[in-house]
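Novice: Below: one structure in structure tokens.
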Amino acid sequence: MSGRNSKKGRASARYRTGKSRRNFERTFAQRQCEMTIESSDGDSSSSGSEAKYSPTFPVAMWDLKHCDPRKCSGRKLSRLGLMQNLRLGEKFSGLVLTPVGINCVSPSDREIIATSGVAVIDCSWAKLDETPLTRMRSPHPRLLPFLVAANPINYGKPCKLSCVEAIAATLFICGFRLEANWYMSKFSWGHSFIELNEMLLNKYAACRTSAEVLQVQHTYIEEERKAKDEPKNYSEFYPKSSNEEISDDNSGKEND
């Protein structure tokens, strides 16, 4: 009996040990899975993941063929298959960036973009008066708030954005930051646009309505105007005069 009990005891111990090991392995595997998910979530906010995040909604343009095809950001996106071309007179059901818009782009437009997409009119600023804007129709025409261009043609100029900058700005403001970075990543200078306008874009994106976006724009422009008019004090950068240097040298000798 004692031998049989001993065997049962050893078998029971091996079972408990095996069960414990399996539980440990299962727990470890589960933790590894959780860490992988957490790592993936963390990576999704990095610039590398952002640059690979393509949109699930339509992105389109009306191409008026005013621009140099070698320099046109809209044409490049079209060649890459990242921009749908619309015919003149064709209606687009999503949000359209157009000079005839009344309201400004705001985060309240997010649902429109998510369901119906966003489009832009690819035309020259110099030929705006002769552009048939009324033939590019949408139930949601919008204007962009104040932003500064970073494209090589109009770098540093306010409101002279290229097609891809206009699309990216709209996406960023409406909460599609990954998609905005993904589009800008297609251009060697693309990162400059987000960096140059990051403070303003974040403020616009924190608003709720078009009116709030316009208030942020007005406050920013007014502060910039005041800062430009305010005289600068560069005295801390002035070199010391020879008399001051002599005085400093003499004071050092006296202390010795």
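Cβ atoms here come from the backbone N, Cα and C positions, even for glycine.
Nobody curates TrEMBL annotations by hand; they come from automatic prediction.
According to TrEMBL, the feature S-adenosyl-L-methionine binding site maps to Ser73, Ile121, Leu144. The feature domain 'RNase L inhibitor RLI-like possible metal-binding' is assigned by TrEMBL to 58-91. What TrEMBL records for 95-221 is domain '16S/18S rRNA aminocarboxypropyltransferase Tsr3 C-terminal'. Per TrEMBL, region 'Disordered' is recorded for 1-21, 225-256.
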Novice: From the centroid of the CB atoms of Ser73, Ile121, Leu144, the recorded S-adenosyl-L-methionine site, which same-chain residues not already listed sit within 8 A by their CB, in sequence order?
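Specialist: Residues close to the S-adenosyl-L-methionine site, other than Ser73, Ile121, Leu144: Met61, Gly74, Leu97, Val120, Asp122, Leu161, Ser162, Cys163, Val164, Glu165, Ala166, Ile167.
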Novice: Please determine which of the binding-site residues listed here (Ser73, Leu144) has the lowest count of neighbouring CB atoms within 10 Å.
Specialist: Leu144
Novice: Can you count helix, strand and coil residues in the domain 'RNase L inhibitor RLI-like possible metal-binding' (58-91) using DSSP?
Specialist: 7 helix, 8 strand, 19 coil
Novice: When you measure from the Cβ of Ile121 (S-adenosyl-L-methionine binding site), how many other Cβ atoms are you left with inside 10 Å?
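Specialist: There are 22 of them.
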Novice: Just to be sure I understand, if DSSP states are collapsed into helix, strand and coil, how many residues of the domain '16S/18S rRNA aminocarboxypropyltransferase Tsr3 C-terminal' (95-221) fall in each?
Specialist: 66 helix, 16 strand, 45 coil
